[in-house]
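Here's the structure we're looking at; comments come further down.
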Amino acid sequence: MSPQTETKAGVGFQAGVKDYKLTYYTPEYETKDTDILAAFRVSPQPGVPPEEAGAAVAAESSTGTWTTVWTDGLTSLDRYKGRCYHIEPVAGEDSQWICYVAYPLDLFEEGSVTNMFTSIVGNVFGFKALRALRLEDLRIPPTYSKTFQGPPHGIQVERDKLNKYGRPLLGCTIKPKLGLSAKNYGRACYECLRGGLDFTKDDENVNSQPFMRWRDRFVFCAEAIYKSQAETGEIKGHYLNATAGTCEEMIKRAVFARELGVPIVMHDYLTGGFTANTTLAHYCRDNGLLLHIHRAMHAVIDRQKNHGMHFRVLAKALRMSGGDHIHSGTVVGKLEGEREMTLGFVDLLRDDFIEKDRARGIFFTQDWVSMPGVIPVASGGIHVWHMPALTEIFGDDSVLQFGGGTLGHPWGNAPGAAANRVALEACVQARNEGRDLAREGNEIIRAACKWSPELAAACEVWKAIKFEFEPVDTIDKKV
């Protein structure tokens, strides 16, 4: 060994492997206002103490690796390392802990959800010392959130663009989602919009397939929008899905939508990717387009309770990346969603300031400062009998989207849309008169049926349809 090598090895460096907790578990640490805070649900392998597991998560998602490296001496680990600063057992579970990790802000590129997730949930989820790992929540400090544009427009600007106030907006996903020609697709859009809906929607997997190329669909849907607007005197829209195989193609589709003069486009933000989504959100703000976001693929990531990432984290990431609407579950429909948990992340989407509330799954107080809000979209297995509950649960700043609940009407698409509009107007009027929608909902709908044969027919068709399954992902409750 040369003298040079001996000198390098002998100055403040000891090779080998040491426990993560010696460096990355710091229960005495006081978090800073500028730290990004994360709450992980950690399930260690047998024999791995929670302190070591939490420290491993902090290390592997920040500056650490499996062994000591001499280049640690070339930087300040105390400045850049993640720190596991608190651990608590999960109620009702023998071998799960919530580990809280603080990350210094300098670890992350400004305005990049992609970089934030690459660090926090990149490698660590495959770590062998853990049986399972789930990111439950993030606290995004204003010093970081202000580096993002956020939603292209936000709730109030959208209401002003549409000139629609004091009620939820109504939408419909065109079905069958695949197989229609562009002209028949546009016809279905027109009938739904003419019948009383505010929006119609491309399904998430409608892009540019052989049976219906995107440009043809855009043209026929624009025709449906203009014709229905002329006949109803209301502003209408169709979520034109601009998701594509490349960012360049996606922007080309958004440009064509703008040239047609339509008000809104759509993106599948998880399958399309956060870089593409942020790019499209910036284009939409610069060019006056609203942006509807579909969360296709989310359940692959968020549905299992002990591994993956909770949707509240994906919702926060979307608000930062940019979107004016996002699907959020229904509570009452066919898709997963516990009520209190759903309302928790709905508030995280819409409100400026959200207090910590573990009863709703919110681990940290979140201050969005002036970032615009996102409208939650309730969609999936809902029909007219659900209208009172949806109006009561989601309030005015929401989109209630009935696909089969519009197009499945026995008299056709326009009567299906009319039935939904009548049901909504009846519920909003009853609420404004002080009636209890949760208790009197069925009575309100039955009364409205007397002066709407379309609603009466819809109520008869779906009177026995229910989706009564226990949710998989639930709030932890003390036993």
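Every residue, even glycine, has its Cβ placed from backbone N, Cα and C.
In the record from Swiss-Prot, residues ASN123, THR173, LYS177, ARG295, SER379 bind substrate; the candidate from HIS325, HIS327, HIS409 listed for the same site is HIS327.
Comparing the active-site residues LYS175, HIS294 by how many other C-beta atoms lie within 10 angstroms of each C-beta, the top residue is HIS294. Annotation: ARG295 are the recorded positions among ASN123, LYS175, ARG295 whose CA atoms are within 10 angstroms of the CA of GLU204 (Mg(2+) binding site). Sequence-distant neighbours of HIS327 (substrate binding site): residues of the same chain at least 6 apart with a C-beta under 8 Å from its C-beta are ILE293, HIS294, ARG295, PRO376, VAL377, SER379, GLY380. What surrounds the Mg(2+) site, by Cβ distance within 8 Å of the Cβ centroid and not counting LYS201, ASP203, GLU204, is the set THR173, ILE174, LYS177, ASP202, ASN205, VAL206, TYR239, ASN241, MET266, HIS294 from the same chain.
If you count neighbouring Cβ atoms within 10 Å for each of the binding-site residues LYS177, LYS201, ARG295, the highest count belongs to LYS201. Separating the Cα atoms of ASN123 (substrate binding site) and LYS175 (active site, proton acceptor) is a whole-number distance of 39 Å. Within its own chain, THR173 (substrate binding site) has THR200, LYS201, ASP202, ASP203, SER379, GLN401, GLY403 as residues 6 or more apart in sequence whose C-beta sits under 8 angstroms from its own.
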